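What Swiss-Prot says about this one:
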type	residues	note
ACT_SITE	H151	active site, pros-phosphohistidine intermediate
BINDING	K45, F93, R121, T127, R138, N148	ATP binding site
TRANSIT	1-28	transit peptide
Amino acid sequence: MGGLFWRSALRGLRCGPRAPGPSLLVRHGSGGPSWTRERTLVAVKPDGVQRRLVGDVIQRFERRGFTLVGMKMLQAPESVLAEHYQDLRRKPFYPALIRYMSSGPVVAMVWEGYNVVRASRAMIGHTDSAEAAPGTIRGDFSVHISRNVIHASDSVEGAQREIQLWFQSSELVSWADGGQHSSIHPA
């Protein structure tokens, strides 16, 4: 029980004002551990948007204690998709991937939090829905490897590149109070 309490407490850990940029390293106390507050790109793909899964995805990230700092729905331009998937250009499925990703709207989001890159990868599950564990987004909602509902950055460096590709800095919010402000409760 104690371990569960501390894991929950760490998930909701809020740091002071953010420095510019998608990643921030914060040290708590002298000689204490390092806590990395990061940003990552998460995109609900056209099949997820069409199946109205955006709310379920947002709910999972919010329950995990992450802070939404940017979100938009768009018909992804082929130029953005080509740059986003540049590492897959030589793969035989690349043309079909670009057609699929441009077949309908995508909901792109930037989430911020403690180790959010690694945590989001665990939350979305294996790329192949047949191998994705139940309880993961793909394990619960994906029906085929080519229609796997969601994308999440696979590294801090990849997240930085992808966020800059999909968002302008003016489209991202910096929570001055660490995301703890509530409009329902007076300050």
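Count begins at 1; order follows the chain as displayed.
Here the Cβ of each residue, glycine as well, is placed from N, Cα and C on the backbone.
Feature map: annotations from Swiss-Prot on the structure.
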residue: K45; record: ATP binding site; contacts (Cβ under 8 Å, 6+ apart): Y100, M101, V106, R147, N148, V149, I150, H151
residue: F93; record: ATP binding site; contacts (Cβ under 8 Å, 6+ apart): S146
residue: R121; record: ATP binding site; contacts (Cβ under 8 Å, 6+ apart): A152, D154
residue: T127; record: ATP binding site; contacts (Cβ under 8 Å, 6+ apart): R138, I145, N148
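According to its DSSP assignment, F93 (ATP binding site) is coil. Classification of K45 (ATP binding site) by DSSP places it in coil, neither helical nor stranded. Counting every protein chain shown, 22 other Cβ atoms lie within 10 Å of the Cβ of N148 (ATP binding site). In the three-state DSSP scheme, R121 (ATP binding site) is classed as helix.
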